[in-house]
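Listed in TrEMBL for this protein:
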type	residues	note
SIGNAL	1-25	signal peptide
DOMAIN	337-449	domain 'DOMON'
DOMAIN	529-641	domain 'DOMON'
DOMAIN	648-840	domain 'Cytochrome b561'
TRANSMEM	686-707	transmembrane segment
TRANSMEM	714-739	transmembrane segment
TRANSMEM	751-769	transmembrane segment
TRANSMEM	790-808	transmembrane segment
TRANSMEM	814-832	transmembrane segment
Amino acid sequence: MPPLTSWLLLAILALTALAMPPARAAPVASFDDQREFDYFVLALQWPGTYCQRTSSCCPTNGCCRGSNSPKIFTIHLMEYLLLVFLQFGYLLRLCSELISPSEMDSGLTTMMEPGHPVVLEPVTIRKRDFLKNESELALRVVLESLWPFLVISTLTNALEQYWPSLSCGKPSLCHGGKGTFWAHEVVVGIKTHGTCSYPVFRNEYDYFLGVLNVYFKYNVTSVLNEAGYVASNTERYPLGGIISAIENAFHASPLIICSKDSIEELRLCFYKDFQPRDCAVSSDVKIDMVTSKGCPKYVGLPESVSVADSCTSNLSLNVSIPFDTTNLLCLSVWDAQSFILRYAQTYANIWSFILSTPDTNSYIAMGFSVSGGMVGSSAMVGWVASRGASGGIKQYYLGGVTPNQVVPDKGNLQVIANSTFITLQNSRLFMVFQLQTADPLSSLIFATGSTGLFPAPPSFALTKHLDKVSTRIDYSKANIGSSQGDGNSSQVDGSTSQAPDSCVSNLNLSVPLLFDTTNLNCLPVWNAQGYILRYSQTSPNIWSFILSAPNTNSYIAMGFSPNGGMVGSSAIVGWISSNGAGGGMKQYYLTGLAPNQVVPDRGNLKVLTNSTFITSQSSRLYMAFQLQTNQPLSRLIYAFGPNGVFPSAPSFALTQHQDKVSITLNYATGSSALGKSYMNLKRSHGVLNILGWGILIIMGAIVARYFREWDPFWFYFHASVQFLGFVLGVIGVISGFVLNNQLHVDVTLHKALGIIIFVLACFQVMALLGRPKKESKVRKYWNLYHHNMGRILIILAVANIFYGIQLGKEGSGWNIGYGIVLAILLTMALTFETQLCSKD
């Protein structure tokens, strides 16, 4: 090679060295003289545990990718400490300790420092070789420095997915801001940097490819999933079971390290031929590796946690916002999807908005509507694509319902230039924009798109939303309302003072309705629960309804039934959560009794679009809707759900009601009545069981114990009264089953006690038929059985009668009445018992 070329290559090499951070000078031994390592350790980490400590995010951060955050074991990446995660047995410090300075030869070796080119194969050059072949040396060093980086780019996608960064807070800080991830992740010693894995891995490309191959071949996540150990924020799994599953799959014991009660790191050990071996470390080697460091008996595998946002938490973004955020008003505008809206009137004609939502790998939208409907509205739409790779925010005009009628970069919103941006932080999207307007439209629409589908150039077409909610907002009072799907719902005024509603009081809602409320008919439809129904025929085929009910932190429902039963009916269901911040309203079709047979967004009711609305005011719910029909069904069902349990996305499943009532309504006269058959059957059930089990059976027992001297009168009276009580009781039990089939309420305990009482009574009847003679040897055993069985029956019967009165909500009258009868019977029994004892 000509001298000029040699010196040119040396000059390039020198300039490259000057551009790098200074490296520590350290002699490295030739591999001919170096001792070998013992084994490999593959350290894997569970992102969900590590991400719980994440306080800041950037799109590159694996903890902050929302639905795309990893839920598998990934190759370990330590924050700030650049350590080989395919570590070497004797840990790596032994590489330097086992090589004495006298064994080392001076030479030139590339250093594996952050920012330096890395070549795992050392270049050991003796001085005399350098003096003789400086041209060949320069070319060799340059080529060996560059070649691994030309081929390692083929592994980029796999390394990003299975060896992710989890700790960076800004893109400039990811990987320490010191070059590419793989160029500085290898530190094979603590005292001396070298290549202790040679010749297993000859260069950096071999190293990373080998790590990935081992990772895929020994797939810990797959093994644990097959054993039932899956990512969960609630489940706790036995540590011994996890270890056994890995041992059975790989025939070697792992090492597990925990953070609190969750697995954070799992290590697999391998021989130099990459066959698994136990991760046992001899006691003379001081290494912090134990079988289950800091692990309890039951451990978790948490999912990556999204850092929740709420109106009680301070807004802290890692990016600068072009307006003051200290005085923003805050509202939870969509509880089911955790949408948080912050806003303020920054200047006379400038309004600032920040919409915070979970990152579900879809677009988010906030629309401003004149009428509350989507058509004719203008919306701000924002998105951050998968893994935070790209994003955007645009205004869209909704000229119709088809995708081609949703036009980008059009609309009636005057957006302030350079005020819009969207950022991903802590697994949440924050969409920021400012509008120039004196007063923004109060009817808002919020929506989410389909997973993984984003607007893209050149058309930036918007796919149909996956879910949406409509809301009316009073900007000055920070009061809101919302609607789910095609129904509207609203919530306002979180006051806790109870203001009773009645038909003699005027309807005075703080939010406007879409129909006239001045001429509504009014009647109480469920006095026990304080339900008030207002209705009217607004036009020939339009009927308007407003149901008023106490806000018991549960859903309320009004069903229209063809036969008075729940099955086959269609119901309007509305709800607002306890803090009044979110709710919804939907139609449900009741095809059966099971929860999965109550189908949302189905039914026979023709609900007018944008007519449904629910609001909370003065501790009462007001549910409004309009139906398109000539004459609504007259048999109505009212119900409310269990406390604190509401329908939620994506299924909007409805839990079984806590209580219900059915009535028949005469729309012309405005009169209603509870179903006579239902009321008569319920009271008949109660009367029969009280007479049978609660009075006659007790009277028969009293006669049998205290009137034996009146033989045989006492026996015939006892048998006759008991048999009559048994017959009435059986009829009462049958009527109870018929009543339960009509009401479909949960009375499991009451029903179970009734069945037990019935079975005991049958045994008593059979005992009477098989009664032995007085002189029989078994007569005393029969007496013991018969007497005690009767006592148990009476105790259960009395308890179940009082419980049934409570379930039937018959009030204190029934309790007092039966209590008086029972007290008389007990007084008689105590009197006769005292006389009997005095005779003895």
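Glycine is treated like the rest: Cβ placed from N, Cα and C.
Through the fold, the transmembrane segment (714-739) approaches residues 678, 681-682, 684-689, 691-693, 695-697, 699-701, 703-704, 707-708, 750-751, 754-755, 757-758, 761, 764-765, 768, 797 of its own chain, all at least 6 residues removed from its boundaries and within a Cβ separation under 8 Å.
Most Cβ pairs under 8 Å to the transmembrane segment (790-808), among the stretches 686-707, 751-769, 814-832, belong to 686-707.
Note on the transmembrane segment (686-707): residues 713-715, 717-719, 721-722, 724-733, 735-736, 754, 757, 761, 790-791, 793-794, 797-798, 800-801, 804-805, 808, 810, 814, 818, 821-822, 825, 828-829, 832-833, 835-836 of its chain, located 6 or more positions outside it, place their CB under 8 angstroms from a CB of the stretch.
Outside the transmembrane segment (814-832), and at least 6 residues removed from its termini, the chain residues within Cβ reach (under 8 Å) are 686, 690, 694-695, 698-699, 702, 705-706, 798, 801-802, 805, 808.
Same-chain residues lying 6 or more positions outside the transmembrane segment (751-769) and placing a CB less than 8 Å from one of its CB atoms are 689, 693, 697, 719, 722-723, 726, 729-730, 733, 736-737, 740, 782, 785-786, 789-790, 792-793, 796-797, 799-800, 803. The domain 'DOMON' (529-641): residue composition by secondary structure is 3 helix, 63 strand, 47 coil, according to DSSP.
Looking only at the domain 'DOMON' (529-641), the predicted model's pLDDT averages out at 87.
Using DSSP to sort the residues of the domain 'DOMON' (337-449) gives these counts of helix, strand and coil: 7 helix, 63 strand, 43 coil.
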